[in-house]
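Listed in TrEMBL:
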BINDING   B:Thr48, B:Ile210  pyruvate binding site
ACT_SITE  B:Tyr139  active site, proton donor/acceptor
ACT_SITE  B:Lys169  active site, schiff-base intermediate with substrate
Protein chains: 2
Amino acid sequence: MTPRKIELFVPAITPFAADLSVDTGRFVAHSKGLLASGAHGLAPFGTTSEANSLTVAERMSALEALVEAGIPAEQLIPGTGCCAAADSIALSAHATKLGCRGVLMLPPFFYKGVSDTGVFDAYAQVIEAVGPGLRVYLYHIPQMSGVPITLPLIERLIAAYPGVIAGLKDSSGSWENTASVIAAFPQIDTYSASETMIPENVAAGGAGCISASSNVNPAGIRALIDGLNGPDHGALHEQVSAVRRLFEGVPLIPGIKAAVAAQKNDPEFARVRPPFVATGSEHAADIADAVRIAGAQDRE
Amino acid sequence: MTPRKIELFVPAITPFAADLSVDTGRFVAHSKGLLASGAHGLAPFGTTSEANSLTVAERMSALEALVEAGIPAEQLIPGTGCCAAADSIALSAHATKLGCRGVLMLPPFFYKGVSDTGVFDAYAQVIEAVGPGLRVYLYHIPQMSGVPITLPLIERLIAAYPGVIAGLKDSSGSWENTASVIAAFPQIDTYSASETMIPENVAAGGAGCISASSNVNPAGIRALIDGLNGPDHGALHEQVSAVRRLFEGVPLIPGIKAAVAAQKNDPEFARVRPPFVATGSEHAADIADAVRIAGAQDRE
């Protein structure tokens, strides 16, 4: 058995123009910059990307722009899980047709208290409709979705669709849960949602991370991944932890966008769609410190 | 000041065909039946309608079918609140153009822990984009949306859009909250989400109810509204409460659909979309009892 490849996928932020339309030019430029800075791939249209504030058409158009700009589809795992199955199917089929490595799929997330059987049926409906070529990364983020991806559900999905269920992103913040998923399902790639957990994730047999703050610190996180077995691993871990800690008191998504804007010296990147509000001056010092530690990211 | 009209609006269920497409024929028939049975109007595409499992195009098409079937648009308050503003705008503009009395609008509901300012911005974005003719009923259902409509938020919205904010549906289950909204904002119509609260709602100055179980018991609820000041009000309240109680141990939306199927002797009405699962035989007795108390509803 070859060792698992450890990777960083970035849930790239979605820049908006003054009229709040998707700023495709800045989206492509930022995405290419993340890859040039060391990210192995992108997970656009995740939570950090404000994906749920985008329409189906906006997501398709922006994904096409990445591929047309020369980003290999094999490096892309776009988010495609919506409340309505037909929307999830349309986005997943579109990504599959473009040749994306897979899709990061939320369960339908309006209705709470639904059964594992109901969530299984929801995933099955999309998988059956999209057909060959689809690879699904399950997205466990119960504090936002309200619909957990439980271990029994993962087991059922892998049993029913063994070549389709490719991985899981655990955004629960519970290392115990991540460890349980890795231990129970070594055949899939399990990603942590924080770069601070990379050492434990990798030691347990996980696949790396998909992290909001990797929009700001891709080079640092890549250096940690590459240096995990080297003499500097402690210092590399401290660097990514120091950046991450500075966002703890800041509204995460507006804060990440403000930091990217600061790094690029381009305030346009800071704009958010409602229900988010741009960060205020009370967070400027933390953001500036995070940017100072992470360094500039425009390596394009 | 004329006394407020007390009304029942039904969040009509959305029937599905075997392939899970919207069964427009049964949707129109059920909707007309509800009005014939005494409902003052319909609030289609609410939580009970599985609205969040429908696409924007499906909702528009189904709403048009109601109007084309002769239901006056003035009796319709469709749900239009989605995660993406452009979707909420499209649905709200469509409903306004059709002449609907208003729209029942969820806040964007994926992101949790957002500020009142962010939610205000989200509503304002839709209101400004749709323009004249729009009337908004705010939809407070924090146990599903995760995004409460707080009193300070209502105050800001009414102050900014006094002719637009027409009402609020309180699905929180907290009578204290409903009473606070009615007391603070007598200029809007506040609906309870359970018919059992109609006496308190009306006594406090509310506008009636928009209730899941009114799909099953519209005649009973209408009788209660009409008889509130009459000698039978106690018995009328006990009838609606008895029906409602029988759904307490049953998954609500699948249970309501099963009950409608039983009333109409048409099992097609029981079908649900994932993430719901049709009710099992363990709930059959409660559903049968609810139907027996409510009586048959096909008065078309």
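Every residue gets a Cβ built from N, Cα and C, even glycine.
Unlike curated entries, TrEMBL annotations are predicted automatically.
Taking the features listed in TrEMBL, we show where each one sits on the structure.
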{"residue": "B:Thr48", "record": "pyruvate binding site", "Cβ contacts under 8 Å, 6 or more apart": "B:Pro11, B:Ala12, B:Ile13, B:Ala212, B:Asn215, B:Leu252, B:Ile253, B:Ile256"}
{"residue": "B:Tyr139", "record": "active site, proton donor/acceptor", "Cβ contacts under 8 Å, 6 or more apart": "B:Gly46, B:Gly79, B:Gly81, B:Leu104, B:Met105, B:Leu106, B:Pro107, B:Ser145, B:Ile149, B:Leu168, B:Lys169, B:Ser171"}
{"residue": "B:Ile210", "record": "pyruvate binding site", "Cβ contacts under 8 Å, 6 or more apart": "B:Leu8, B:Phe9, B:Val10, B:Pro11, B:Ala43, B:Gly46, B:Ile77, B:Leu104, B:Lys169, B:Tyr191, B:Ser192, B:Ala193"}
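DSSP classifies B:Thr48 (pyruvate binding site) as coil under the three-state reduction.
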